[in-house]
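Enquirer: There's a structure below that I have some questions on.
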């Protein structure tokens, strides 16, 4: 026997909001907005890291490496943002543009991958001693 829950009426006139079909354009828009917020957060984080590294000055251990990696990450994020705007402006429903959209989407995905890898290295090179070990090292310098 099927329960009433399994027989959901997907007609647009249905009064139950749970039984309404999903508007895929609305879903994609909400997903894009959420991803954009994460992109902005990463951009702000990298800008703050760059500021901190520049304030420490060239005497810090990985100064040149961190400035280079953070700058490259920021540049890639700007390029990805421009690429995503171009992708959003092209109409997916036009068959002659679908191949180009697919290529642009692949390029954006590859650039995002490189950005993630670069940010892993930024985190690795930017790690500082914290907590117990940092307090012990400051009391007993080698």
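Glycine too: its Cβ is placed from the backbone N, Cα and C atoms.
The structure displayed is predicted, hence computed values, not measured ones.
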Enquirer: For the annotation region 'Helix alpha1' in Swiss-Prot, which listed range does it cover: 25-37, 64-76?
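Expert: In Swiss-Prot, the region 'Helix alpha1' feature sits at 25-37.
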Enquirer: Please list the DSSP helix, strand and coil residue counts for the topological domain 'Cytoplasmic' (93-96).
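Expert: Taking each residue of the topological domain 'Cytoplasmic' (93-96) in turn, the totals are 2 helix, 0 strand, 2 coil.
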Enquirer: Quick one: average pLDDT across the region 'Helix alpha1' (25-37), no decimals.
Expert: 66
Enquirer: Please work out the number of neighbouring Cβ atoms within 10 Å of the Cβ of residue 103 (cholesterol binding site), leaving out its own Cβ.
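Expert: For residue 103 (cholesterol binding site), the 10 Å Cβ neighbour count is 10.
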Enquirer: Going along the chain, which residues at least six beyond the ends of the transmembrane segment (61-92) come within the CB cut-off of under 8 Å?
Expert: 32, 39, 42-43, 46-47, 49-50, 53-54, 98, 100-101, 104-105, 107-108, 111-112, 114-115, 118-119, 121-122, 125-126
